[in-house]
Amino acid sequence: FSSLQVTEEVREHLKTPTFDNWQWEEAEMLVLLQVMYTDLDFLTAFQIEPEALQNFLFEVYCHYNNIPFHNFQHCFCVTQMMYGLIWLTDLRNKLSRVDLLIMLTSALCHDLDHPGYNNVYQINAQTDLALRYNDISPLENHHCAVAFGILAKPECNILKNLSNEQYKLIRGGMIKCILATDMSRHNEILNKFKAMQPVFNFTNKEHKELMKIMVKVSDISNEARPMEVAEPWLDCLLQEFFNQSDTEKLKGLPVTPFMDRDKVSKPSSQTSFIRFVLLPLFTELTKLFPCLEEEEGAKPGRISYNVNFRRLGASVERG
């Protein structure tokens, strides 16, 4: 772990969705993840030993692959966005500490051991993962299994001081959240959320499905970040996409259209994604959390999502 001294200023910035991941080394990111667990008071609430947390975070780091997009930096960004949303929407006063632990840890583990090729490829190529999970969300099932494999190591088990009931609750919650990041389930999850949104109640067990949508939002939220943070991520994503379509062509598999380097440009790749995936999701979320649309500067540390909505809208128009 790095010997990074985390200043108050960094601590506060870490709570905002404008945080710039590109300024930090991976060793420093591990320290910042530790800060997130500490500042949400998880160590006290769940009797997590600092050494077990360090071991857990390091083991998670070791299980992300060196690939262009779905790597440890992506995992950090998603976790940091989840953390920022927890503070921004005041979830600490709306959900239980267990719910928050589920959300943050799911974000951290949601792409563990990602091979850089998506579910469609796994299924078409009949990979070991597709065979093991019977073509049902092979990657997401694998990410979950790897996460609980890490937690099964005594030195990494941040849940070891919990009751069986609490452990079951956290395991069940994490599985739901991570499986919900399968994009083939996007519309199903968004429609469920839309239906419950007008009568949403934080004390209703079913309504706590919200947790899943928050991890989903964090997973695909790069475009809602400032342009200088978001744009390099698009290059990384396209590189991973093109690697997949090249492999598909070589192996004679169906070529995924939005990954084909001969057909996809940077702007075209974004317009459909923003219009059909990102905007509908953020629109529903801002109905539940109007604070996401407050003007920048209205409250310290708040991000004005509508500023970025305008940018997203502009990119769609340009496309």
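In case you wondered, yes, glycine gets a Cβ from its N, Cα and C as well.
Feature annotations, courtesy of TrEMBL:
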{"type": "ACT_SITE", "residues": "H70", "note": "active site, proton donor"}
{"type": "BINDING", "residues": "H70, N71, F72, Q73, H74, D111, D219, Q270", "note": "AMP binding site"}
{"type": "BINDING", "residues": "H74, H110, D111, D219", "note": "Zn(2+) 1 binding site"}
{"type": "BINDING", "residues": "D111", "note": "Zn(2+) 2 binding site"}
{"type": "DOMAIN", "residues": "1-319", "note": "domain 'PDEase'"}
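A map of TrEMBL features onto the structure.
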residue: H70; record: active site, proton donor; CB count, 10 Å: 24
residue: N71; record: AMP binding site; CB count, 10 Å: 18
residue: F72; record: AMP binding site; CB count, 10 Å: 19
residue: Q73; record: AMP binding site; CB count, 10 Å: 17
residue: H74; record: AMP binding site; CB count, 10 Å: 23
residue: H110; record: Zn(2+) 1 binding site; CB count, 10 Å: 29
residue: D111; record: AMP binding site; CB count, 10 Å: 26
residue: D219; record: AMP binding site; CB count, 10 Å: 23
residue: Q270; record: AMP binding site; CB count, 10 Å: 21
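When the Cα of the residue listed as 'active site, proton donor' is compared against those of the binding-site residues H110, D111, D219, Q270, the shortest separation belongs to D111. Between the alpha carbons (Cα) of H74 (AMP binding site) and H110 (Zn(2+) 1 binding site) lies a span of roughly 10 Å.
Summary of the Zn(2+) 1 site environment: with the site residues H74, H110, D111, D219 set aside, the chain residues having Cβ atoms within 8 Å of the Cβ mean position are H70, C75, V78, A107, H114, T181. Between the alpha carbons (Cα) of D219 (AMP binding site) and H110 (Zn(2+) 1 binding site) lies a span of roughly 8 Å.
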